[in-house]
Amino acid sequence: MTSSHNSPCNRAHSPAQNRGRKQAKPAEVCPHAARCGGCAYQGIAYKEQLDKKQEYEQKLLSSYGSVSRIIGMDKPYHYRNKVHAAFGRDRYNNIICGSYEESSHRIVDNTACLIEDTRAKAIIEVIRRLAGDFGLKIYDERNGTGLLRHVLIRTGHKSGQILVILVMASTFFPSKKNFIRELIRECPEITSVVININNRRTSMILGDRQYTEYGSGYIEDTLCGITYRISPKSFYQVNAVQTELLYTKAIELARLTGSETVIDAYSGIGTIGMTVAGHVRKVISVETNTDAVKDARRNAKANNISNIDIYADDAGRFMRRMADNNETCDVIFMDPPRAGSDKVFLNSILKLMPSKVIYISCCPETLARDLAVLARRAYRVAAIQPVDMFPWTSGIETIVCLERR
Ligand code: SAH
């Protein structure tokens, strides 16, 4: 989430640089900031954070076109709907839980956070206490012993649903039923509990096996009027409030007429495609994660969206096959992970030659790299719209509208 970049912004929070700086009003500083490192903009007023992101985008992207003013968040706190806590013990044998210190596996025992959902944070504290009461063995990364490794919580912004995922090192979980019963008794807002088994010595949080202990095993949430099912492993934007603004702006920039065939590439659980579906003739969504694809298909059915086809495939290879079969499309919405797109994908755009490409990116650097290819070959950049999806961190989301020359 915290796509880091080497902009001056990343260093801007250092006290030395801030000395003498005039600030609009004092900004909050999280007590864990020094060790956590998750929020690069600690102590910087929100308006100033936006100015810095704007400056960075301008520096990186203005050679392609003018950069519109970044869309900020009205209440830039506790927006993160996916909250992770690694569990361990300190040298006094106390249970600690929180995020990892930057570039390390040392746990920052943080009880408060400016950006994480407060209900999720409170549930993690209850789990910490219950783990002690029940004598649940905490995983020790150094020698691979113990059971409880991580807690991952997903919360639905509109639905209020809360999914708790307990990541265990083995299927052995003494007093499991009692533990979960007590957890739900103390936190009745929890709607589902999933046990995930991760027995590998890996930095990945989730393992391959999981089963539902309580509730449905997923959460639902509503974005732009459409309700989605979100499984534990499916990607879902961490800031639902800003995601609605992001999608609305992206669709506005595409200036759709209603007759288009649209590709929604890197589609996750289908949120962009289904939001666009009401504005076009047909949507083709493509996504590699099979859990997300299953969610997307269910979501389309549950919302009675019939003009969308959802494929489990590599987006680039899928589009290359479309081009080879002389199929066409009018607009491509693409929303790749931080690594951006690959050559196969970019070349397939240049074969399909849609009249517009709406590139949504969470990493300005890979966006700039990919724009260089598209702008050099066939497209002009018609609009660049940054959106602040990640207040307090250096992350920036950007929508770019490309039009065929
Ligand atoms: N558009 C969605 C998801 C964006 S995140 C949303 O707004 O919620 C990027 C997604 O791309 C993830 O779901 C990831 O699984 C998927 N992905 C990564 N590489 C891919 C590839 N080569 N082809 C298709 N999908 C890919």
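The backbone N, Cα and C atoms fix where each Cβ goes, glycine too.
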TrEMBL annotation, S-adenosyl-L-methionine site containing Gln237, Tyr266, Asp335 - matching residue among Glu213, Glu220, Glu252, Glu287: Glu287
What's the CA to CA span in angstrom from Asp335 (S-adenosyl-L-methionine binding site) over to Cys362 (active site, nucleophile)? 8
Pairwise CA distance, Cys362 (active site, nucleophile) versus Tyr266 (S-adenosyl-L-methionine binding site), rounded so that it is a whole Å: 13
Taking the centroid of the Cβ atoms of Gln237, Tyr266, Glu287, Asp335 (S-adenosyl-L-methionine site), which other same-chain residues have Cβ within 8 Å of it? Phe235, Asp264, Ala265, Ser267, Gly268, Thr271, Ile272, Pro336, Pro337, Ile360
Mapped onto three states, the DSSP assignment of Glu287 (S-adenosyl-L-methionine binding site) reads strand
